[in-house]
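Trainee: Got a structure for you, written out below as structure tokens; questions coming shortly.
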Amino acid sequence: MEPSLPNGSVQHNNNFVFHSYLVCSMISIWSIHALTLRYTQVYPDQTGQYGSSTVVFLAEMVKLLIAAFLFWREKRFSCKQWWERFSVEVIRSPVEMMKMSVPSICYAIQNNLEFVALGHLKASTFIVVSQLKVVTTAVFMVVILGRKFSLTRWVSIWLVTMGVAAVCSETALGNTPGKPADQKPNENPILGLTVVMINCTLAGFAGVYCEKMLKETTLSLWMRNMQLYYCGTIFSGITCFAVDGSTVRKFGFFFGYNWKVWLIVSSLCVGGIYVSLVMKYMDNVMKSFAAAFTIITVSLISSWLFSHTLGWPFLVGAVTVCSAIGMYNSVPE
């Protein structure tokens, strides 16, 4: 159910505050997720490394429960109404479930591949290369949604891509002075970059596909989320059984878990819910611009946490990103 907002300047101010809140929340969540995930890959727990597929599976289950609770709240905590709608829209709607299985599988694959990518790339490099989704998102918005961008917005999309590439160019090109504290002897940057590029394509397609479904449907946002996470839970469960099934049977599902792993689970859960809100009330390119600010945050924290050096490329890139965001927002939708 969309919030009812007053007209005029009050509505404009409320929209600005709400959108700013969403963007700032996404920046915080993405930064925590990338940095913590990289840290656990570089410094595994002494008792043993956790199964990455168990994290994704657990996060999908929690997101399903959160969406179910919020839909129950939307129905004024009526168990009868909740079950009636769940039965109709989930259990007895195979066509709709097939539609939602497409992005849910893409997201599940993407979440699992992030662990592979951050096992071979520094967090700052991962974040900056991930901004290729700005391009893939824009392309899929044109193809799937029929969206038309002005020349100014295309230039801003190009500028933000160039800016975020400049932020961590020294790290990405391996020109950082000294050896970073998170340098692993068995890293394969080519593999990591390839995985990120696959993720960017999946993220662009799934994000725009979900935006189309959410904005054109008469269903509640949380009912759509229940459909999405229901499919995601099934696929993630199958992946967990195939990838880490033997470890789970031998040591238990929560083997290797500590507070950092739980932080990753939390970031995946909360991040998934917030992405749904962003797709409902803002377009995916704005979500990509929020990710651009995440680069600045991750780069600064990485420079302190892992002894990375930030030079002129970072400063030039940061200014370029901020300018591009201002340019994008200066043009009416």
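Note: Cβ is positioned from N, Cα and C throughout, glycine not excepted.
Pulled these from TrEMBL:
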type	residues	note
TRANSMEM	20-39	transmembrane segment
TRANSMEM	51-72	transmembrane segment
TRANSMEM	123-145	transmembrane segment
TRANSMEM	157-178	transmembrane segment
TRANSMEM	190-208	transmembrane segment
TRANSMEM	228-247	transmembrane segment
TRANSMEM	259-277	transmembrane segment
TRANSMEM	289-306	transmembrane segment
TRANSMEM	312-331	transmembrane segment
Trainee: Should the transmembrane segment (228-247) and the transmembrane segment (51-72) be scored as in contact, given a threshold of at least 3 Cβ pairs under 8 Å and pairs 6 or more apart?
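Mentor: Since 3 or more Cβ pairs under 8 Å link them, the transmembrane segment (228-247) and the transmembrane segment (51-72) do come into contact.
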Trainee: Which listed stretch (20-39, 123-145, 190-208, 289-306, 312-331) has the most C-beta pairs under 8 A with the transmembrane segment (259-277)?
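Mentor: By Cβ pairs under 8 Å, 20-39 leads among 20-39, 123-145, 190-208, 289-306, 312-331.
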Trainee: Using a Cβ-Cβ cut-off of under 8 Å, list the residues of the same chain that are 6+ residues beyond the ends of the transmembrane segment (289-306) and lie near it.
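Mentor: Sequence-distant neighbours of the transmembrane segment (289-306): 22-23, 26-28, 30-31, 34-35, 39, 122-124, 127-128, 130-131, 133-134, 160, 163-164, 167-168, 180-182, 278, 314, 317-318, 321, 324-325, 328.
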Trainee: Kindly say whether the transmembrane segment (123-145) and the transmembrane segment (20-39) touch, using the definition of 3 or more Cβ pairs under 8 Å where each pair is 6 or more positions apart.
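Mentor: When sequence-distant Cβ pairs are counted, the transmembrane segment (20-39) touches the transmembrane segment (123-145), since at least 3 lie under 8 Å.
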Trainee: Can you tell me which parts of the same chain pack against the transmembrane segment (20-39), counting only residues 6+ beyond its ends and a CB-CB cutoff under 8 A?
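Mentor: Tertiary neighbours of the transmembrane segment (20-39) are 114-115, 118, 122-123, 126-127, 182, 260, 263-264, 267-268, 270-271, 274-275, 277-278, 281-282, 286-287, 289-291, 293-294, 297-298, 301-302, 305.
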Trainee: Other than its close neighbours in sequence, what residues sit by the transmembrane segment (190-208), given a CB gap under 8 Å and a spacing of at least six beyond its ends?
Mentor: 102-103, 106-107, 109-110, 113-114, 116-121, 125-126, 129-130, 132-133, 135-137, 139-141, 144-145, 275, 279, 284, 287
Trainee: Report, as numbers and ranges, every residue of the chain located at least six residues beyond the transmembrane segment (51-72) whose Cβ falls under 8 Å of a Cβ in that stretch; write 'none' if there are none.
Mentor: 78-79, 82, 85-86, 108, 111-112, 115, 220, 222-223, 225-226, 228-230, 232-233, 236-237, 239-240, 242-244, 247-248, 253-256, 261, 264-265, 268-269, 272-273
